Amino acid sequence: MEDLLTILVRGVAQGSVYALLAAGFVVIYRATDVVNFAQPALMVLGAYFTALFVRTYEIPFPLAILGSILVVGMIGAACERIALRPMVGEPPFSAAMVTVGVFLVLTIVANRLIGSNVLTVGDPWGLDTAVLAGGVRMRVADGWRIALTAGAFAGVGLFLARSRVGLAMRATSLDQEVALAQGVNVGRMFGLSWAMAGGLAGLAGMMVGSGGQGVDNTTAFVALKALPVIILGGLDSLKGAYIGGLVIGVAEAFTRANSAALTGYVGANVDVVVPYVIMILVLMVRPYGLFGTPEVQRV
Amino acid sequence: MTERRTSPIGNRRAVTLRGRPELYTDYATDQAMLNTPAKRAWTALLVVGLLAAPFFLGRDLTSLLTTVFIFGIGAIGLNLVTGYAGQVSLGHAFFVGLGAYTAAFVGNEPTGSLRGLGLELWVWLPLAGLVPAVVGFLVAPIAARVRGLYLAILTLGLVFIGDHVFKEARTFTGGPGVGRRAAAPIVGGLDLSRRQEFFGVTFEGADLFYLLCFVLLLVAAVLARNLARSKAGRAFAAVRDRDIAAEVMGVPLTRTKVLAFTISSFYAGVCGGLLAITYGVIEPASFDLLLSVDFLAMILIGGVATISGSLAGAAFVVLLPRLVQTYAHYVPGISRGSTGDGLLTVFQFEGLLFGALIVAFIVLEPRGLYGLWLRVRNYWKAWPFSY
């Protein structure tokens with residue numbers, strides 16, 4: 001039982017990172033109808049800047065997180081302005097391919113910055129472990145992952161639901177032309193949504209690099225697991241991103257914990273495939289994910 | 001046939017000779033693949049030039065061009081499903097890999113723990129296409145349920161699942177880190193990758209394989225072009241442009257999508273079987289997401305929904321690394337080595353350029369290289385007038 005809970009907590013923590021990345025996808029998709037394949041690269045940049053601020057400039061860790069969120073947010077907004085703004089009105093697939101190009105460029109920039117070593121972000125938690133009530137062991141970093149993700153989701157949700165700018169963003173995602181007619185600066189909303197997604201990716205990058213894990217050249221590809229998460233939850237649902245992230249994270253953690261028993265049937269490292277299998281199974285039943293809005297189709 | 005004979009303007013050929021090459025008096029000429037004299041001339045020139053090329057080029061460039069042809073077959077396949085039928089597939093690399101391993105399984109003798117059938121090229125090449133086609137046929141009904149970007153990510157899942165299967169099915173694939181030797185191109189006891197003599201003329205192995213791939217590419221391109229202008233091709237375009245409208249007009253949606261996926265997978269498989277030979281030894285890691293992105297870049301840079309564009313894109317993407325490596329020393333701050341002291345290594349610069357070019361093409365010329373060619377052509381067509 002204790003083991004089960006330990007695995008569960010670890011899965012929820014890992015899922016929180018996925019959920020945070022997925023939230024970036026959802027924010028951009030809702031505003032611009034584009035799936036931003038560059039999100040993983042922004043995440044790696046987030047880890048890099050956190051490490052840079054903490055280790056080179058010796059800024060306190062919480063401030064460094066804020067700094068890296070700001071910097072990556074600005075990089076996101078810059079990408080939108082340079083590469084994505086000309087794509088307004090083009091088919092979504094073309095715009096998605098532009099983000100693939102941005103991903104390739106940013107990944108190389110990030111790899112050049114990080115170098116060939118594993119980069120740890122310099123978090124104060126390291127490999128510390130806390131024992132909770134009931135004998136459940138939990139890494140301190142995992143606790144922060146769960147808490148910060150819940151906080152970030154609450155923040156983004158409140159911002160979209162309550163603030164004036166959030167209202168303008170929701171109006172933009174509902175109908176760009178109508179929003180424009182009501183006096184919303186649609187272009188600025190696009191930039192803002194990319195900045196928000198960049199900030200979320202920056203936070204996620206810090207989390208991926210924390211807890212003694214570190215970031216290297218291959219981390220960006222690991223982050224592609226946020227894609228099954230958003231499909232599972234539905235491309236345009238923040239709630240879906242959170243629940244989808246936790247489902248995928250927990251499923252992955254349990255598969256990994258039982259990998260020895262499973263190897264005989266489905267081979268080693270099956271936890272890598274599990275998110276995609278879940279995604280395909282869900283798509284067969286619900287083509288728009290669990291919480292996604294079915295598209296209204298007209299001739 | 002009788003219609004043409006009784007045509008009021010008389011013989012089709014005579015009309016062409018009178019200097020009005022674009023006057024079409026019947027549907028057959030209008031629908032012809034090479035419907036203008038310029039196209040016929042250019043194509044003939046290109047075919048003859050490429051047939052003669054291996055005898056003048058070095059071994060190195062010959063094999064590079066062979067790779068272009070092989071990727072061309074795969075790019076045409078992706079263009080059929082993504083360009084013509086509008087179903088974005090990020091899973092092309094999976095079908096390419098499946099074709100490569102089918103070819104290796106059918107074409108190699110069993111060695112050690114690896115299974116094999118040891119058959120010749122005329123068996124393994126069709127099978128390399130057919131097995132992925134069957135898998136594509138089975139997967140397509142699921143894929144036909146979802147649209148747009150959901151589909152793109154669904155097919156992305158295929159790459160990861162395929163990668164896992166390739167890694168685990170060790171008796172067929174050799175597993176990660178070990179890999180498996182590609183099937184040899186043997187036809188009727190003649191190994192096309194070794195030096196052979198025909199009618200007193202000695203052919204190098206690389207040249208023979210080049211010619212084989214070129215002929216296969218020609219066949220693949222003509223068949224695809226033919227498909228695109230047939231009933232099925234028009235159904236593809238209708239589904240791409242507005243699937244609901246297509247369904248209302250009586251185009252069977254699922255059947256059309258399944259057909260597009262099946263044919264595309266066949267092309268991908270043939271491409272994989274041949275590609276394996278240029279790789280020599282194939283590993284599961286060769287068929288990852290980046291290969292899918294390469295294929296998508298080929299059709300986007302070359303030109304969506306054009307066959308010639310697919311070929312131009314394949315040539316561009318395959319030749320780009322070579323061009324960069326040759327000319328990188330003119331760009332300041334690029335180091336030649338893999339760890340160098342410059343601002344960027346050659347490989348990083350190449351990747352950077354690749355990503356930037358994808359963005360630039362989609363933003364500036366969405367029709368790709370084909371669109372650039374159209375601009376040049378229209379300029380000279382209207383010359384000396386600039387409209």
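Every residue, even glycine, has its Cβ placed from backbone N, Cα and C.
What TrEMBL records for B:41-57 (among others) is transmembrane segment.
Summarising the annotation, TrEMBL assigns transmembrane segment to B:63-81 (among others).
Positions annotated as transmembrane segment by TrEMBL: B:88-106 (among others). A Cβ distance under 8 Å defines the sequence-distant neighbours of the transmembrane segment (B:88-106), meaning residues of its chain 6+ beyond its ends; these are 74, 77-78, 81-82, 115-117, 119, 123-125, 127-129, 131-132, 135-136, 148-149, 151-153, 155-159, 161-163, 166, 172-173, 180-183, 261, 264-265, 268-273, 275-276, 279, 282, 284, 286-293, 295-296.
The transmembrane segment annotation in TrEMBL covers B:121-142 (among others).
Below 8 angstroms of C-beta separation, residues 87-91, 93-94, 97-98, 101, 139, 142-143, 173, 284-285, 287-289, 292 of the same chain, each at least six residues beyond the ends of the transmembrane segment (B:149-166), sit close to that stretch. Look at TrEMBL and you will find B:149-166 (among others) tagged as transmembrane segment.
Taken from TrEMBL, the feature transmembrane segment applies to B:208-228 (among others).
Residues 63, 66-67, 70-71, 73-74, 76-78, 80-82, 84-85, 87, 89, 92, 95-104, 124-125, 128-133, 135-137, 139-141, 143-144, 173, 179-185, 193, 209, 213, 216, 220, 224, 227, 232, 236, 239 of the same chain lie 6+ residues outside the transmembrane segment (B:258-282) yet bring a C-beta within less than 8 angstroms of a C-beta in it. Summarising the annotation, TrEMBL assigns transmembrane segment to B:258-282 (among others).
Long-range neighbours of the transmembrane segment (B:294-321) within the same chain, counting only residues 6 or more positions beyond its ends whose Cβ lies under 8 Å from a Cβ of the stretch, are 64, 67-69, 71-72, 74-76, 78-79, 82-84, 90, 92-93, 96, 217, 221, 224-225, 228, 237, 240, 350, 353-354, 357-358, 361-362, 366-371, 373. Under the heading transmembrane segment, TrEMBL lists B:294-321 (among others).
As annotated by TrEMBL, transmembrane segment applies to B:342-364 (among others). Nonlocal intrachain contacts for the transmembrane segment (B:342-364), taken as residues 6+ away from its ends with a CB within less than 8 angstroms of a stretch CB, comprise 297, 300-301, 317, 320-321, 324-325, 328, 331, 333-336.
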